[in-house]
Structures are given as C-alpha cells and as structure tokens.
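Taking it in order: structure first as structure tokens, then the write-up.
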Ligand code: 5AD
Ligand code: SF4
C-alpha cells in the first residue's frame, strides 16, 4: 500500500494553463511552505494534491475532471489525502466541483488563495470570494531561497475588456494593478535571490497603471523603466498585452530600454474587421498593422507573437482569408492559434457555431502558415550574435541550455559555465524547436 512517508507533509501541485497560474502555484507553494509543507514531484507520495486549473477553453476545463477521476483510487486508499482545486475552474464552478467529484476537499478561487492555509487547517471548504485588498500582501514572505535565473512577477490581474469569447473577466475579475512600491520590492527581492530576468505578468499587463512614489500617475512604460534601474537585473519581458493599451511611453521604452527584450506577444485574434467587431476587440486589422509599424519603428529587431481564434461564430471564408493576410503582412516569430470554444456565461456562447470540420480545416491552414513563419524566424537567427541566459544543463556533458533575447531555447557547449550565467553566443544551427550556438569571448 502506498503511504505518505513520515517527516514534513508533502504537497503535489499540477498547473494547467497560463503563466499566471505558474506564478500562482509558486506563491501557493510558498504559502503552504510556511505551514510546513514541502513540494513533491510524486503524486502518489503527497499528503495534499492541488490542481491549479484553467477555464479558457472547454478542453482545458475538462482535463480537471479526468485528472480527478484518476485520483479516486489514491483517495480510496488514503482517505486523509487532501485534494484541492484552485484557479479559474474553481472560480467558475465553485462547490459544483465537490458535488460532481466528492473526493475534492477544498475549492479555492484565484483571488482567495492567501486563505488556502487556513482552509487546509479547517479541513476543507469553498472560497471563491473576490477580496478588495492585495492578496499577495497576505501571503507569507517566501523563504530567502535562491531562485532560478528567470522568474515571473504578477503586476496586474483581471480584465475589463470583455472580449465576447473570453471567461477571464468573470474568473479573474476586474482589472487591478498592484502598487509600484510592492512591485519594486518583489522585483528587488527576486534579484537578491539570483534572478536576472523578470517577466511581468498580467491578463492585460500593459493596462497596468498606478501612482508613482512621488505622486502622479505612472503607465506601464514608466514601471518598466523603474524596474530596469535595479542593479543585477538584466532582462525584462512582459505578457500578455492588448493592442489598445500599447501607450506611447511603452512603445518608446521598447526603443530606449536595453533591458527590455526585443520580443512582444500582442494577441490580435482575427484579421477580419467584421469578426474583430463581433469579438468586441475594439480595433480594426488596419489599426493593428499601423501599431506594429510604430513598434517596429521604435525597435526594428523586435520579434512579434500573437494569439488567434478560428471558427468564431459568423466567421466566413473571406474572414478567414483576412486573417491569413494579416499574418502574411506582419510575419510572426511564433503564435498560438485555437479553435473557438464556446464558454458558458460569455456573450458569444449562444451564437450559431461555425461547422466543426470547417473550423478544423481553417485551423490547420493557419497553423501551417504560422509554422512556416516560425521556422523562417528561427532560421533567421543562424549567424546572429545573441545573449543567452543559462537556465539548466543540457542533455550532453558540458552543455548548457538557456533562452535567447527572443525566447528561443539555445544549446551551447559551455563546460565552465553555470546556471544563471548570461553569455554572448553566435547561433550556428536551427533545429525543430531549439537553436544551437557557440560561446563568444565575453
Ligand atoms: N475559445 C478559443 N480560444 C480562446 N481564447 C480565449 N478564449 C477562447 C475561447 N473561448 C484564446 C485567445 C486568448 C488566449 C489566451 O486564448 O486567443 O488570447
Ligand atoms: Fe480575455 Fe484578453 Fe479579451 Fe481580456 S483582453 S477579455 S483576457 S482575451
């Protein structure tokens, strides 16, 4: 019989979905760490299993129930095993989850996870409240352990844009920006623990705004410049953005701030004005293209990435061709494309759907085009001199792997190097999903 071993209690976390969930899982692990829990990679050894869920598409949400089904035998063997569901499915479905899957002990929404330790002590429950205060302030401070060289930092949460297909405004709530001082304190703390690259996170991160230390309103560009002043921090990235919040000061920061990496994820979703309107995106394809021109004028070597939805209700072949045309015009470094998934509670939910096989065919066509562009962008790196931040040893002896300025994984022979080194590399080779490079003299 499998039993959790003696010693500290073990917590197993499975994270689904976006980078914000990755960050949240880390903060929940720290909160539970203060209660004496240590992380385990082995679910069968855990005293508590926490599933941090995603609700963005139906498939993502259904994964939770198949994983819970697989946990049933473990719970039957060890009734004291605590099972928790966190994240956006928790928010959307609340106690319905426990009704459908009685093996679940607790359900905690993304705005309530600072109360997770108290819930665990109580033995379970459901908490999907939206607190008005900054939940991050109520989490115990992380122990001063060393961190991997690249880290996430949530600066903004929630979304007020209400795109017609999207659950985020309902699961994550209204837009909230964290205050400047708290962001700077967390960034400095990360750097003190060995972090050299920070990715600022938010569902609508470039909509971040806040009061500066000397009063006066700061926009996201100003925040980036303040973070860039931290000694020991070398790279800044951010994700994910809305085209309508690309303010002038942010575009300018892409030109002037060397620590801001030449990489921008800017979802457009569709290239058809009719569909953009039906999606409530509040911009046209032309406005997006002109915005890209301005961003490229500020930072000519920037790599652009995006998100697309195909088969949105009402999408015709002509709309689809407009999307392909926009992709041809921009030339993306990489992009995520999804088949539309109707989500309960969203404005588009009841609209007549595009025939499934048609949507599948469009998705294939779009993905083929995007893969060609991705391959071309990657091959275009060969011969270039880039910086690489080493994140872990590679498969072969003496090899390290890290990320380039453009977020490509790069393998480098570097027997003397250690994790956290930021080196100059000449790219020599492009493979399926990674690059190879050789060290240049420092
Ligand atoms: N169906 C398909 N894709 C969706 N996305 C958001 N909601 C849906 C949906 N209902 C995609 C969008 C968004 C990304 C995070 O997920 O492209 O930018
Ligand atoms: Fe969802 Fe992004 Fe639209 Fe907000 S801006 S509703 S998070 S797709």
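Glycine residues also receive a Cβ, built from the backbone N, Cα and C atoms like all the rest.
Feature annotation from TrEMBL assigns domain 'MTTase N-terminal' to 9-125.
The [4Fe-4S] cluster 1 binding site annotation in TrEMBL covers 18, 54, 88. The DSSP secondary structure for residue 88 ([4Fe-4S] cluster 1 binding site) is helix. Neighbours of residue 88 ([4Fe-4S] cluster 1 binding site), defined as other CB atoms within 10 A of its CB across all chains, total 26.
Here TrEMBL flags 145-379 as domain 'Radical SAM core'.
Other C-beta atoms found within 10 angstroms of the C-beta of residue 166 ([4Fe-4S] cluster 2 binding site) number 21, with every protein chain shown included. TrEMBL lists 159, 163, 166 with the feature [4Fe-4S] cluster 2 binding site.
Mean pLDDT for the domain 'TRAM' (379-441) in the predicted structure: 97. The annotation domain 'TRAM' is assigned in TrEMBL to 379-441.
Checked against residue 54 ([4Fe-4S] cluster 1 binding site) by C-alpha proximity, the binding-site residues 159, 163, 166 yield 166 as the nearest. Cα of residue 18 ([4Fe-4S] cluster 1 binding site) to Cα of residue 166 ([4Fe-4S] cluster 2 binding site): a span of 14 Å. Proximity to ligand 1 (Cβ under 6 Å from any of its atoms) holds for these binding-site residues out of 54, 88, 159, 163, 166: 166. Cβ neighbour count for residue 54 ([4Fe-4S] cluster 1 binding site) (all protein chains, 10 Å cutoff from its Cβ): 21. In terms of DSSP helix, strand and coil, the domain 'TRAM' (379-441) has 1 helix, 34 strand, 28 coil. Within 10 Å of residue 88 ([4Fe-4S] cluster 1 binding site), counting C-alpha to C-alpha distances, fall none of the binding-site residues 159, 163, 166.
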